[in-house]
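Feature list (source: TrEMBL):
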DNA_BIND  B:37-56  DNA-binding region
DOMAIN    B:14-74  domain 'HTH tetR-type'
Protein chains: 2
Amino acid sequence: MPKLWNETIEAHRRDVREAILMHTSALVAEHGLRSVTMSQIAEKTGIGRATLYKYFPDVETILLAWHERQIAGHLEHLAQVRDQAGEPAARLRAVLETYAHISRRSRRHGDGALMAFLHRDEQVGHAQRRLHDMVRDLLAEGAGVGVLRADVAPDELATYCLYAVAAARELPSDDAVRRLVMVILDACV
Amino acid sequence: MPKLWNETIEAHRRDVREAILMHTSALVAEHGLRSVTMSQIAEKTGIGRATLYKYFPDVETILLAWHERQIAGHLEHLAQVRDQAGEPAARLRAVLETYAHISRRSRRHGDGALMAFLHRDEQVGHAQRRLHDMVRDLLAEGAGVGVLRADVAPDELATYCLYAVAAARELPSDDAVRRLVMVILDACV
């Protein structure tokens with residue numbers, strides 16, 4: 001087959017895959033993890049069941065693929081926020097505030113069973129370690145130039161920051177999230 | 001039956017119950033939640049299976065009773081720590097440090113399945129609300145006398161404190177826990 005034809009097929013496969021992930025996450029958000037079937041997903045996506053099975057073996061695998069893409073998107077976003085101009089404390093604040101909003105939004109998606117299922121995934125642990133390293137490096141950078149505290153190791157301070165930021169899940173508003181991040185940073189200077 | 005006889009029976013029942021809780025928690029810590037049976041518990045406690053069933057219907061109920069007693073003990077201990085002499089910031093530090101040590105120790109008991117099972121219990125939510133209120137009241141008291149920050153509502157600050165303290169679970173030493181609590185309190189003044 002000519003190269004162009006292969007590329008068209010590749011692009012088509014990506015589009016179908018994309019559509020499957022999108023419709024599955026919508027169906028699961030609406031009906032819950034346990035009640036969504038491959039037939040429903042095929043119907044909603046507008047493809048045959050046999051075609052769907054050429055892409056994914058079951059609902060769980062689709063959801064994990066969707067979640068993996070979500071996580072990768074969040075990490076990329078956080079890295080962009082980190083790489084913006086500004087001094088270390090301001091960039092740390094931006095990273096923590098962005099992560100606080102992500103935590104708060106993802107809590108509102110889906111039910112407890114869904115969260116528990118997704119968070120057994122080892123991708124989550126991997127992403128959390130990358131986030132921890134990102135925050136630790138910003139803290140070390142700030143301590144190095146004397147704008148953030150140096151009496152506690154950046155690694156320990158990063159653990160503190162990420163646990164404290166998780167409080168965003170329980171906060172009622174964006175303003176409360178902003179206050180939370182201000183409080184957390186007050187402990188880092 | 002004379003009153004004395006009733007009291008003796010009551011004391012005996014309390015002792016047996018106590019022994020059942022103790023041996024069950026030891027068996028579960030050793031073998032895991034799923035593999036412990038009522039027969040093992042009866043044998044370890046030195047009572048018959050029929051007697052054991054007069055006290056508890058199954059292993060899960062025994063474990064929940066044990067956990068409930070643990071939680072009640074922790075709350076009582078935290079209240080004692082809170083009620084010691086000293087100004088509000090020192091008492092807040094003492095409460096947070098005590099809770100940090102409890103979190104760290106309870107993480108080291110048992111496996112993930114056991115934690116997940118116990119933490120579905122509504123007693124845990126109830127205890128966490130009481131702890132939240134205890135910390136909130138100490139923060140409000142400190143803000144009232146001007147030693148703790150008053151620009152963020154005590155309720156929000158308490159949420160922050162309790163999420164941040166949970167970082168103790170990942171810390172390697174008592175010294176690290178002390179540093180964590182120092183950092184958290186730096187954000188509350």
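Backbone N, Cα and C define each Cβ position, glycine as well.
In TrEMBL, annotation is done automatically, which means it is predicted and not curated.
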Exercise. Do you know the DSSP helix, strand and coil residue counts for the DNA-binding region (B:37-56)?
Worked result: 15 helix, 0 strand, 5 coil
For this session: Mind looking up the mean pLDDT for the DNA-binding region (B:37-56) in the predicted model?
Result: 95
